[in-house]
Amino acid sequence: MAAQCVTKVALNVSCANLLDKDIGSKSDPLCVLFLNTSGQQWYEVERTERIKNCLNPQFSKTFIIDYYFEVVQKLKFGVYDIDNKTIELSDDDFLGECECTLGQVVSSKKLTRPLVMKNGRPAGKGSITISAEEIKDNRVVLFEMEARKPDNKDLFGKSDPYLEFHKQTSDGNWLMVHRTEVVKNNLNPVWRPFKISLNSLCYGDMDKTIKVECYDYDNDGSHDLIGTFQTTMTKLKEASRCSPVEFECINEKKRQKKKSYKNSGVISVKQCEITVECTFLDYIMGGCQLNFTVGVDFTGSNDDPRSPDSLHYISPNGVNEYLTALWSVGLVIQDYDADKMFPAFGFGAQIPPQWQVSHEFPMNFNPSNPYCNGIQGIVEAYRSCLPQIKLYGPTNFSPIINHVARFAAAAAQQQTASQYFVLLIITDGVITDLDETRQAIVNASRLPMSIIIVGVGGADFSAMEFLDGDGGGLRSPSGEVAIRDIVQFVPFRQFQNAPKEALAQCVLAEIPQQVVGYFNTYKLLPPKNPATKQQKQ
């Protein structure tokens, strides 16, 4: 029997006394959460933001985890000093790790452990603190904020202001729950609209004190406090664009020194709107269909399928990396599609009868009906197609991304959250049309679709890591930024010795939040509202 998710848990992470691996500055730490539910294989769940020049980081990124009462969920928090833009951790300095179970964190509410190196020895005096909260409230607060004339802390320029939000815990301490972006060189900063869950902000208590701090960002990590104010949600939600709520930013040290001190700037709240966000299950139970499409790389770099060295070579027991990846991901996602009819395409091969190179040919060779019956149907189409084509090139992703995007664009015209598209591309990794693919992904980020890329073989996957926006927003060649991160890349060989469900768990981990993120952004509700249905019963 499958484990039932009891609840969702939010984990906040901070570290103290980290090892300093940088010469002339301090480490730039980032925390990675790994999960293990069976065997020896750990898989990455998510990463915090990177904090520059800091040995005592408080990460604002919150890890959201499903808590299964009857499953021992082993967690590993790895801390790394990030000095480059690659997604790989092997080329970053390791600052220490901590292993525990989710049950231990939940029962402690706050767990502090020493960080240890891979050999089990202490990572200097480094420690990690993990705080856990159950998420019961799906209300979120949408903010629009700006400031006027915050104190100028920079000698040769203007301040680089950012805000931090803190809530007060039951033991009286302050816990940071959100950090805005830095607005560079600006004494009248306008921050991008942002949202914070009401539970994270104030435990859902409208009269709970919230502390907001304004800082001037410094590259060396010694951020200067401009000022602070305290308020409550009751006060904040009075704000509107017509009538903003304003707060004086007070720096206590300056106030005590100067009798004429007035303030260190004014923070203006232009919008503070509470809204209820549907969960992934609300959408699925409310009738939203996940439409699954497969794209398979048939380029010459895979080698001749008849050769045992080829990535398309089907072994005597009937498998290869392409088929294993397809089964692993497809078996999970097919449960969310009612008719289980999936379009499957190949790209990069010469196809009969003219032997022209095609970058989006149906694997069943039926252009008017490229649908296959379930994952088994896709596997059969793949096996049948392989001996009929000539592997060629180049490796172009953009045609198949644009193909799915056309269907997603049509679905985007609907007034409810009825359809979401997931494209699985399985490739050996040497991409040719990088600029066109970047543009296609940026365009698709505005549509109800996500892209999963599974890299098979041992090729250079640096281009794939570039497309996965985890290191920062992907940009088109013209500089246009993707409004959502919709690409998830995973190298297949990372999971070769893992339980068969591990690959699917990893590549599908971001899909629920991408689905929710899209529909909530456009304020689309499920076709059938589950809450309404329950009330009628």
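Backbone N, Cα and C atoms are what each Cβ position is placed from, and that goes for glycine too.
What Swiss-Prot lists as domain 'C2 1' is 1-115. Broken down with DSSP, the domain 'C2 1' (1-115) shows 7 helix, 52 strand, 56 coil.
Annotation comment: Swiss-Prot describes S14 (among others) as phosphoserine, evidence class similarity to another entry.
Cβ environment of D83 (Ca(2+) 1 binding site): D22, D28, D92, D93 lie under 8 Å away, each six or more residues apart in the same chain. Taken from Swiss-Prot, the feature Ca(2+) 1 binding site covers D22, D28, D81, D83, and the record attributes it to sequence analysis.
Sequence annotations record features per position, and here Swiss-Prot assigns Ca(2+) 2 binding site to D22, D81, D83, D93 based on sequence analysis.
Across the domain 'C2 2' (124-247), DSSP assigns 9 helix, 59 strand, 56 coil. According to Swiss-Prot, the feature domain 'C2 2' maps to 124-247.
Among the features that Swiss-Prot reports, Ca(2+) 3 binding site is placed at D154, D160, D216, D218, with the record citing sequence analysis. Counting every protein chain shown, the number of other Cβ atoms lying within 10 Å of the Cβ of D218 (Ca(2+) 3 binding site) is 15.
According to Swiss-Prot, the Ca(2+) 4 binding site annotation covers D154, D216, D218, D224.
Here the Cβ of S197 (phosphoserine) has 21 other Cβ atoms within 10 Å, regardless of which shown protein chain they belong to. Taken from Swiss-Prot, the feature phosphoserine covers S197 (among others).
Sequence-distant contacts of S243 (phosphoserine), defined as residues of its own chain at least six apart whose C-beta falls under 8 angstroms from its C-beta, are absent. As annotated by Swiss-Prot, phosphoserine applies to S243 (among others), with the evidence given as similarity to another entry.
The domain 'VWFA' annotation in Swiss-Prot covers 291-513 and rests on sequence analysis.
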Exercise. Excluding D22, D28, D81, D83 themselves, which residues in that chain have a Cβ inside 8 Å of the centre of the Cβ atoms defining the Ca(2+) 1 site?
Worked result: K21, S25, K26, S27, P29, I82, D92, D93
Exercise. For D224 (Ca(2+) 4 binding site) and S197 (phosphoserine), what Cα-Cα distance in Å is obtained after rounding to a whole number?
Worked result: 27
Seminar exercise, completed: Cα of S14 (phosphoserine) to Cα of D160 (Ca(2+) 3 binding site), in Å and rounded, measures 24
For this session: In whole Å, note down how far the CA of D81 (Ca(2+) 1 binding site) lies from the CA of D218 (Ca(2+) 3 binding site).
Result: 18
Problem set entry | Residues that sit under 8 angstroms from D81 (Ca(2+) 1 binding site) by C-beta distance, when 6+ apart in the chain | L19, K21, D22, S27, D28, P29, D92, D93, F94, L95
Exercise. What's the CA to CA span in angstrom from S197 (phosphoserine) over to D216 (Ca(2+) 3 binding site)?
Worked result: 25
